[in-house]
Amino acid sequence: MEVTCLLLLALIPFHCRGQGVYAPAQAQIVHAGQACVVKEDNISERVYTIREGDTLVLQCLVTGHPRPQVRWTKTAGSASDKFQETSVFNETLRIERIARTQGGRYYCKAENGVGVPAIKSIRVDVQYLDEPVLTVHQTVSDVRGNFYQEKTVFLRCTVNSNPPARFIWKRGTDTLSHSQDNGVDIYEPLYTQGETKVLKLKNLRPQDYASYTCQVSVRNVCGIPDKAITFRLTNTTAPPALKLSVNETLVVNPGENVTVQCLLTGGDPLPQLQWSHGPGPLPLGALAQGGILSIPSVQARDSGYYNCTAINNVGNPAKKTVNLLVRSMKNATFQITPDVIKESENIQLGQDLKLSCHVDAVPQEKVTYQWFKNGKPARMSKRLLVTRNDPELPAVTSSLELIDLHFSDYGTYLCMASFPGAPVPDLSVEVNISSETVPPTISVPKGRAVVTVREGSPAELQCEVRGKPRPPVLWSRVDKEAALLPSGLPLEETPDGKLRLERVSRDMSGTYRCQTARYNGFNVRPREAQVQLNVQFPPEVDPSSQDVRQALGRPVLLRCSLLRGSPQRIASAVWRFKGQLLPPPPVVPAAAEAPDQAELRLDALTRDSSGSYECSVSNDVGSAACLFQVSAKAYSPEFYFDTPNPTRSHKLSKNYSYVLQWTQREPDAVDPVLNYRLSVRQLNQHNAMVKAIPVRRVEKGQLLEYILTDLRVPHSYEVHLTPYTTFGAGDMASRIIYYTEPINSPNLSDNTCHFEDEKICGYTQDLTDNFDWTRQNALTQNPKRSPNTGPPTDISGSPEGYYMFIETSRPRELGDRARLVSPLYNASAKFYCVSFFYHMYGKHIGSLNLLVRSRNKGALDTHAWSLSGNKGNVWQQAHVPINPSGPFQIIFEGVRGSGYLGDIAIDDVTLKKGECPRKQMDPNKVVVMPGSGAPHQSSPQVWGPMAIFLLALQR
């Protein structure tokens, strides 16, 4: 390892401090990504504004110990599956190409088992602007005569947007308004919520025949450009009109080729024609070209409504509909209805009897029925009547009524349904009437009332129907309200009375009802029976896996419990240790009374008895296992992430130190921790420095601390920490240490912020300004940024070095202000000196101001220093004395000048106690000597060695 690596862990002595550092979670949502702006809405509500199609990035920053876990949720919107719920610390919520439906309130929930969870939220407002739609309408009372001759016309412009769009109407290139033209009225209709603007042309004049443009704008919010649509109004402008080449109802035979033509009879501009089908899309193979719809070899499934629509945005769309009926017949059924008046359920001589016949047909009303008796057409008489459309039966049903049934009426009756003259096969149904024709009964075969099968196997539920004729059997669920059968249907017909189920699951257990149908048999009250289905499945146990920790020499009890299973009992339990079968444990009275659990007791834990235990539980259907990992290993340390300012930088050596803190999880669960093994390795390096850290007895919640020194700026390191007890090594914990810019108080000798860390030393963006300061370096600069303004690098000249700057390009305007606010400092001295480097290069440079915000009696901002104008393409240094009277903050305020060539940057901000230096001895830096809170009247210059020497002589 190189010498620099050997110096990495000049580990200083270890010590502990404090007790009970466990603290509930705290959370804060910060934003990144492509947000347009984050603003405060109604003071208490944070609103994140983003353009549709951009990337949403939200980050939940949390504090608390142990390390809280984070979960994101959302309300007030749809498409919630577009983001993940996480359980990762500081997890970033990222949604690529966000849609408007994904706007709403996003919640970050942080919890660590201490106190109540912390919940923070932010409302995401997705901004968008669709293409506008322009339609032309005429007053309803003026529909006669020439469409637009001396009439009132309305041009209606509609757009979907967020925020509500601003509308501008133009005739040609001239903007229209009420005040400029008495013949024009512009208004927003009621209940349109800012989505519509109407241009009313009152009593058309010759000059009103022109091109009209509706321009919509959201005022460039999120960089969304304006959109526009144009319509040319002429004296021939007219709404669409249509006619069809066929009747509105078209009946065809299956297999025919169907062609329907939709003809335009009017419309200017030329309307667009479109065919649609309801329900569902156009049939496979159908071709819609212009106004012609062709369907080759039409089938019964192609029946439905076909719509031809013509649109030219003038008036209402024209629509013509063809109801296509493809002749078909299916499902021939019959019913036997005994004498209704006498409420009989049997066929009896001397009573009336009705035979009914029905088919499902298209078109239904064109079906004809013919009755036959014993192969011959039935002859109508006073006792034999044929009726159609019985109100008690389905539409278009034929009934044969036998009045005062005689013995001679017994026989075989046949009902034949047909489409006269159509190539559709006839359907017929046959029913026998005799003394043996009796209503049905239904029952469950002996031994089949309860069916027990294993999960995943097939099952067959059976009901037997007796009677003549035997009707179909209908199956349904009984014990679950509105439950569906495994087929997905609430009712299922079986011709043989058997309900067959493939691969049954446990949720299919329950009671099933079988009942006789009222068709293809007697039209009487259904007969019912029930079958119970029991689905057996293997046991489910708790715990499926458990980590058991105990000190050496202490007893251990392992318990495996049955959660659910069918049957709900433990038939056998087998214990294994490291895969080897153990003798059956002695049965204790408690276990004998609780057949739903199995136990194993270890009298004293030893190194030899530590390891993996498995309890395999069976209920004669299957088995499941509880796994136990038993040991005296110490739990892992819990790193403390809320250490205030853990980084200490050393400017001269370019090194930094880091305060590593942790607690020990459940230290009393096992033997006392004797020492820790610490391993530190620089990321992307192979070698690591290892150190043993001895400790005395560690208490629960006790904060342990170790300081790592000589870490190289700005590298990151991977830290492994392992506790050791008399048992040996415990569970290891690891984390990555990132270099962060130190946040120091003014009483330290060196308090310079280089802005190298994205926390920017605790500085924050002021919420009351117009825009924000931006952190960047030469590598993250926008390659398309404006030339001739802004610094090429930070003060160090390194492309990796960061600085803060204000971007003055659009949409920034003259006088816009950006404020960067420091942390709150406690005033422990009378005088302080603020030193910083600034870069003010560009012909449109505005101003850079330094303000001091005093906090002793409210927030009061006072100007301490100001500089304006182009100061050249060079970093220059300023020293500003301040004398705050109490707690204070410093504020850097950048003010935008007259144009986009006005970027201002700052770097290396230092706050020290005492007065500012009276002279600058560094010949490579520029000095601005402030006087009474204002800059020196002479322009800043680059001072060489001779100039500094002469200046010293003058003073």
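Cβ coordinates are placed from backbone N, Cα and C, and glycine is handled just like the others.
Heads up, TrEMBL stuff is auto-annotated, nobody curated it.
The following features are taken from TrEMBL:
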COMPBIAS  779-788  compositional bias 'Polar residues'
DOMAIN    24-123  domain 'Ig-like'
DOMAIN    132-230  domain 'Ig-like'
DOMAIN    240-323  domain 'Ig-like'
DOMAIN    338-432  domain 'Ig-like'
DOMAIN    440-532  domain 'Ig-like'
DOMAIN    539-631  domain 'Ig-like'
DOMAIN    643-743  domain 'Fibronectin type-III'
DOMAIN    751-918  domain 'MAM'
REGION    779-799  region 'Disordered'
SIGNAL    1-18  signal peptide
Considering the domain 'Ig-like' (132-230), which listed stretch of 240-323, 338-432, 539-631, 643-743, 751-918 counts the most C-beta pairs under 8 Å: 240-323
Stretch with greatest number of CB pairs under 8 Å, the domain 'Ig-like' (440-532) reference, 240-323, 338-432, 643-743, 751-918 candidates: 338-432
Intrachain neighbours beyond the compositional bias 'Polar residues' (779-788), with Cβ under 8 angstroms and 6 or more residues off its ends: 799-800, 807, 809, 841-843, 900-901, 903
Helix-strand-coil residue split for the region 'Disordered' (779-799), DSSP-based: 0 helix, 0 strand, 21 coil
Model confidence over the domain 'MAM' (751-918), averaged pLDDT: 87
